[in-house]
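This report concerns only the one structure given below.
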């Protein structure tokens, strides 16, 4: 949401969350200018690293001219078998 507010030029952001019991899907879309790149800067790259560390999946669709959609799928189980 911070990236959308700072960089996208969007005037609308939509957030959808879906819990299947096995995984949580978060989809954030904006109507901004697009062109976001998860491989540059530290914000999206850091998010991708954290999602990957817990066996999640991050996809970014952001063609020039927009819109941008960030989708994160997180497992709702401990992928490493660690008990708390």
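Just so you know, glycine gets a Cβ as well, placed from its N, Cα and C.
As the structure is a computational prediction, the values presented were derived from the model and not from experiment.
If you check TrEMBL, you get these features:
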{"type": "COMPBIAS", "residues": "22-31", "note": "compositional bias 'Polar residues'"}
{"type": "COMPBIAS", "residues": "32-42", "note": "compositional bias 'Gly residues'"}
{"type": "COMPBIAS", "residues": "60-70", "note": "compositional bias 'Low complexity'"}
{"type": "DOMAIN", "residues": "1-77", "note": "domain 'Histidine kinase/HSP90-like ATPase'"}
{"type": "REGION", "residues": "1-42", "note": "region 'Disordered'"}
{"type": "REGION", "residues": "60-84", "note": "region 'Disordered'"}
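Sequence-distant contacts of the compositional bias 'Low complexity' (60-70), counting only residues of its own chain at least 6 positions beyond either end whose CB sits under 8 Å from a CB of the stretch, comprise 4, 8, 10, 27-38, 44. Over the domain 'Histidine kinase/HSP90-like ATPase' (1-77) the predicted model carries a mean pLDDT of 88. Counting residues per DSSP class in helix, strand and coil order gives 7 helix, 15 strand, 20 coil for the region 'Disordered' (1-42).
Counting residue by residue with DSSP, the compositional bias 'Low complexity' (60-70) contains 0 helix, 5 strand, 6 coil.
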